[in-house]
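A.B. asks: Input: one structure, supplied below.
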Amino acid sequence: MQKHTPSVSCSPFPSSHKFYQQSLLFPNVRVPLRKILLTDGSGESPFNVYDTSGPYTDENVIIDITKGLPAIRIPWLSERADTESYPARLVKPEDNGFTHGKDLTPVFEKKRPILRSKNGKSITQMTYARAGIITAEMEYVAIRENEGLIEKNKQHTTSSKAFDASIPEVYTAEFVRNEIACGRAIIPQNINHPECEPMIIGRNFRVKINANIGNSAVTSSMAEEVEKMVWAIRWGADTVMDLSTGRNIHNIREWIIRNSPVPIGTVPIYQALEKVHGIAENLTWDIFRDTLIEQAEQGVDYFTIHAGLKLAFIPLTIDRTTGIVSRGGSIIAKWCLHHHKENFLYEHFDEICDIAHTYDVSLSLGDGLRPGSIADANDEAQFAELKTLGELTQIAWEKNVQTMIEGPGHVPMHKIKENMDQQLALCNEAPFYTLGPLTTDIAPGYDHITSAIGAAMIGWFGTAMLCYVTPKEHLGLPDKNDVKTGVITYKIAAHAADLAKGLPRAQLRDNTLSRARFDFRWHDQFNLSLDPDTARAFHDETMPKEAHKLAHFCSMCGPKFCSMRISHDIRDAVAIKKTRDEGMAAMAEKYQQNGDLYMKVMPSIKETVDD
């Protein structure tokens, strides 16, 4: 038993409060949004923003991670009446890496029914969409993407080149349904993760970001990983992947899922490898299949499956600078070479789809041959695998399984567009999910920046979700601070992409913050930013007093050199001059029109002399 309840970050954002937008179609659908309150007298209305933080920033909710979050989707699932509960698979010693005794992470004690589709029923969001059915989940994400508005606000958009995307001015549940039906978008929502707030991944919606967490064989605990998840979603992570590779994988994952309001993804091959003591050659389909069912019953929303790495592609990596850098890809390659057999994930892909279909788990087809250096970008191995992923996507779609495609990696800027073009062509517009890409290899410790450059570009070109990179990339396991840095960096990249592709409302936040900056409304600047805490802390390092928040300058320029203060002076001077000039012009016109009424006619000088 636990001696105490671990605490997590659960305070509201400054000058913000959570509110819930009621659906007009579904009485039991209420969509959470965050309202940022701006300075009284500013003339600005409160500003609504998309919110991923779940109940953790709702001051009216009491958080207890031993109980988990409310199961908001249970009523929706019950109304559809196409799922059933059944006895769960028993937890085995190998599920937690053979950990026992005091080293075993406590079991999450609050039990819930395990669901699966009823025999003969298809319960995926793609099935409903293709049948013309609008689900509560589809309505939920439409409201969420609109940030609660039903009409597009006017804005000044600097660019709207969306590279053949079809972005509506207002999202509707019908638009969402159509995007899912044709495979251009997914709503990753395992029926066994009812705590999850629906979100959508697709190129015609706002660009999403994923944050990776997870323990390793040498570090981290359940409390740390739950806190990392909560911390990541506070700052804007749309999904979280649990990439745990050490002990207690099963129990830690249960704690994470029960307390997560965002979709949770995994790479099942990692846990399967732990079950065979880390010996890749000992992996079997039966072990992997059992792992998929274990994770699906827990509520994992999407699986990364490295089924596109075929035996014939492995020789294509021999002359690479950095070989195979994907952990999952290297595991599969080692198994294939040892057994001289085709990838068992490729061979059993039909069965993988059947399992995913039973629980509405989305598939994220892994890029096991992604380039790990810019020298290897866009090579034959990478695109051979991508072509295979496109073929596997068609198989998944035939079974109504929602699918997205994973992408690179390390790619210099001039080669990024080709990646997007190839993916769209080979994978029939299935959502693209990329790791960066990193645009240079010379900056260990700063790869959150090298990758954000590529992420912003490929997001503009059409990538639907960006996997964050932290400063610890290539160096170590990220801690809580690294997670925040990675998430904020990728929120910037995603927002920059949304601006470039002309997403409705994207520029409104920029415009609102810019007005606050020009008006020296310091608190509004802080509160409208992605990271209010850091913005306020940087300002207060040199001007900490509350009176400084009313100053019309900061420590960068001081009062005499502040360009915005000078701009205000120029505006005031121009306004005064304009008023004065307009007054003088009006008087001149008046004199010209009626001068004879005010001026005495004087005799000429000559007439005066003659007299």
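Including glycine, each Cβ sits where the backbone N, Cα and C put it.
Swiss-Prot feature annotations, pasted as is:
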- N212, M241, Y270, H306, S326, R327, G328, D367, G368, L369, R370, E406, Y433: substrate binding site (BINDING)
- H410, H474: Zn(2+) binding site (BINDING)
- C554, C557, C562: [4Fe-4S] cluster binding site (BINDING)
A.B. asks: Going by DSSP, is G328 (substrate binding site) sitting in a helix, a strand, or coil?
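C.D. replies: Where G328 (substrate binding site) sits, the three-state DSSP reduction gives helix.
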A.B. asks: Counting other CB atoms within 10 A of each CB, which of the binding-site residues G328, G368 comes out lowest?
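C.D. replies: Taking G328, G368 as the binding-site residues, the minimal 10 Å Cβ count falls on G328.
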A.B. asks: Same chain only, sequence gap of 6 or more: which residues have a CB within under 8 Å of the CB of H474 (Zn(2+) binding site)?
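C.D. replies: Those within reach of H474 (Zn(2+) binding site), by Cβ under 8 Å and sequence separation of 6 or more, are P444, D447.
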A.B. asks: Rounding to the nearest whole angstrom, report the longest C-alpha distance spanning N212, M241, Y270, H306, S326, R327, G328, D367, G368, L369, R370, E406, Y433, listed for substrate.
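C.D. replies: 20 Å is the greatest Cα spacing among the residues binding substrate.
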A.B. asks: Cα distance, H410 (Zn(2+) binding site) to R370 (substrate binding site), nearest Å?
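C.D. replies: That separation, Cα to Cα, works out to 8 Å.
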A.B. asks: Identify, in sequence order, the residues in the chain of Y433 (substrate binding site) that are 6 or more apart from it along the sequence and have a CB within less than 8 Å of its CB; answer 'none' if there are none.
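C.D. replies: Counting only residues 6 or more apart in sequence, the Cβ neighbours of Y433 (substrate binding site) under 8 Å are I201, N210, S364, M404, I405, E406, G407, T463, A464, M465, L466, C467.
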A.B. asks: What's the CA to CA span in angstrom from N212 (substrate binding site) over to H410 (Zn(2+) binding site)?
C.D. replies: 18
